[in-house]
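A short worksheet on the structure shown next.
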């Protein structure tokens, strides 16, 4: 895919070579430095591994000694537990005898206590531990959890260090005691022994180790309150670690060598030698670089002049191929790209996305051209955000852009990109402090085969864009053969319609309306038909949308109005009773400045002509020209009806302020009333609104007499639909109306409705 810009060389070659001449020296220096750093790093790494291995082995030995000494103390306590189990009611003296035997063994026990029912009753030695007698573990916050855990778990629980009631701190071993009562094991209490931490540390070798050791509770080894041996800093010095599980608590042991981890020895001589060798290698390279740089300076001026000329050439070329407002490629750029791609026999296929801003003209007309330019710049920025690296957007017209993408399979990317573009353009933008929603539509087309003509591809994208705007804007349409055919058909229809207006092929068909009470003809609606010489009679759905695109709806309205009034004159001459003729009129026709003049010069009976306005026409008072036209029309004695009521978005208040003569309930609301109670209630509400305001209600699409019966019961005033009469040409209507004026037909239909 072609690039959207030309590379800018300017003075890059001299600048690059200014440093490039020293590149060999720089590479040599970098290589040597890398090797030195790597060697130093590896030596430091090996030293650290050796130190950590040694420290880990020493710490493991200390941990094993700690665990052995603690277990030895616990085993001594278990002997006392066995004595209590055989003699649960022993005296303090007896307790002291047994406990004294424990203290004769090598241990770190500081004192022991017996607590029947968790209340300390025995202590050894007596002094200075007597003040612990009477301590209720259940009421002591510091020791309660450990005591209860020993009781509940039936296991020995080690806790600590803790502050002791009799002073100092230590590691407490709590052994639950169970005795046999009536052949059942009953909890007697606990035996607790305090292990002197200072002696434990000394006997375990912690004080004489070649390591700085710190011990903390496992829960948070870096919290100062939990470090009970050694320094907190040890945990921050990348120590080796071991965990010691004591049952109730877990200790974290950390150690570093005394004085910290040793740094590897400086290799001054090695580095000096490397520096000398490096200088010998690099110096000639640097000298060669200076010689090359001196040579370059002699040609800089010539290169600069050449670059300036090239820059000017690129600037002129860029300006000729790019839009000055947005900076995007322009139509000429796209044409050149198409020409070059058509000559290319590559395998990639291209896709074009034709984008048009939906409401750009409104902003440009109301806020000025400066605001319009800002819209184009902001829209360009939005487009750039969704483009891929190999894609580009071009501005080919006022508010039209083309996005080019491609690849071996461009379909999915083109669809996704078009969707992203429409979504990006839908976001609001600020213009002169006002929030505006511009929106955009996109048409997508891609090559079926690589090498397909790109001029036609651009036309196809334009066809897709036209379809997107026709279907409501703010959407994406993908080109297809069916769309091409439909576009050609639409164009043909538009051409034929222009000729049809010249050849007087637009004719009225008349559908009678009936009084809901008497079933007499109360009026007739003139409906547009196209008497096509090849395709026969065409209904509005076959040509009205095309008429809107070529702004010929007002001409059709004028034609039908003129012919309907002519037929009304014929009916009067034939003594046919047709109280009123209703003619559809568009907003475009209402705003026609010649409408009122033509109406004043056209003879019609006041009250005998009614204009039907679609509810979708805005009646909210924002369009003063529309409101003034309706006011003048009513002053001339022409009634106003609201057509297709219930399908638009006008408010009830604005409709009532319009004061229409009649409301016509749309056939979509009438059709389901025979089966849907909710729909029937909705129709009843509309009828009630009309009756309360003295507005006549006409039900369209009355297809069966069941519909008529229900509508009559709801209070509807007039019926219009196939149950009574289809739309018919003028000649057939004269025959139909003449027959309807006979009493026999009316009585027959009354019997059918009964």
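Counting begins at 1 with the first residue displayed.
Cβ atoms here come from the backbone N, Cα and C positions, even for glycine.
Note: TrEMBL annotation is automatic and uncurated.
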Feature coiled coil in TrEMBL, mapped to one of the ranges 236-263, 264-291, 292-319, 320-347: 292-319
Per-residue pLDDT averaged over the domain 'GGDEF' (348-481), given as an integer: 90
Structural state census, the domain 'CHASE' (116-206) (DSSP three-state): 23 helix, 39 strand, 29 coil
